[in-house]
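According to Swiss-Prot, the feature Zn(2+) binding site maps to 14, 17, 149.
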């Protein structure tokens, strides 16, 4: 399959998720000429803001954070070489749910309260429009248990299946996605990245053992080397300035909790549906489009 023929769709919950988990993958395939689409389910209105400059944007104050984060997402995707952002059923249709048990999760517009048939139909429409060869979203736990990530997993899984059938006829002609992946963090790779951290801002701290989410190495099916685009990934992280701070080294970042994390140079995935392409000696793919033909 030629690079220009490749089509990749990523479904993420909030602005910044696309860069933190899959930024290198987006940049790598975009740089190779693939058509990369990022579909974001909410505006991230409930995000915790870093610093005082944007503190008044939060939900309890001006409630303007979501609109501001559209601009951050646009800048991040530009840094990664991807197309302009797309939002599920249009920007603002679904609101960031925050965490389970918080007042924001009870909002009728919260993504966690979405009518599943409506949300699935909206993803089906995008799949049938762009006809991706590869779709990526989260694993069943949403990576770290956030309800919006879990919801994104559920609706994307249902949509990939439904898009190949006669369901939702109003959403276009059926399309069967050849390969469907979950984005994950490999445990040993994360541990090596943390061990390599030697300097970081004095108000940051190293994570406690097991504090950052990861999966067993044996669960990983696919490893994408993103060293060649790591600077683009760092620039995209910096674009999400209300949520992310990149260390002066350019090799680490932290969220509002000031827990330092490595900017990983290999991004990992689990093939959830489809056929594994060619693998290396470790049994892992090195190309999301491996085994596919135009």
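Our numbering is plain: 1 for the first residue shown, then up by one each step along the chain.
Note: Cβ is positioned from N, Cα and C throughout, glycine not excepted.
Note that the coordinates shown come from a computational prediction; the quantities given were computed from them, not determined experimentally.
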Sequence-ordered list of residues in the chain of residue 149 (Zn(2+) binding site) that lie 6 or more positions away and have a Cβ within less than 8 Å of its Cβ, or none, is 13, 17, 138, 141, 142, 143
Within the same chain, and leaving aside 14, 17, 149, name every residue whose CB is within 8 angstroms of the centroid of the CB atoms belonging to the recorded Zn(2+) site, in sequence order.
12, 13, 16, 41, 42, 44, 138, 142, 143, 146, 148, 152
Do any residues at least six apart in sequence from residue 14 (Zn(2+) binding site), in the same chain, have a Cβ closer than 8 Å to its Cβ, and if so which, in order?
40, 41, 42, 43, 44, 47, 69, 96, 148
How many other Cβ atoms sit within 10 Å of the Cβ of residue 17 (Zn(2+) binding site)?
29
Where residue 14 (Zn(2+) binding site) falls in three-state DSSP terms:
coil
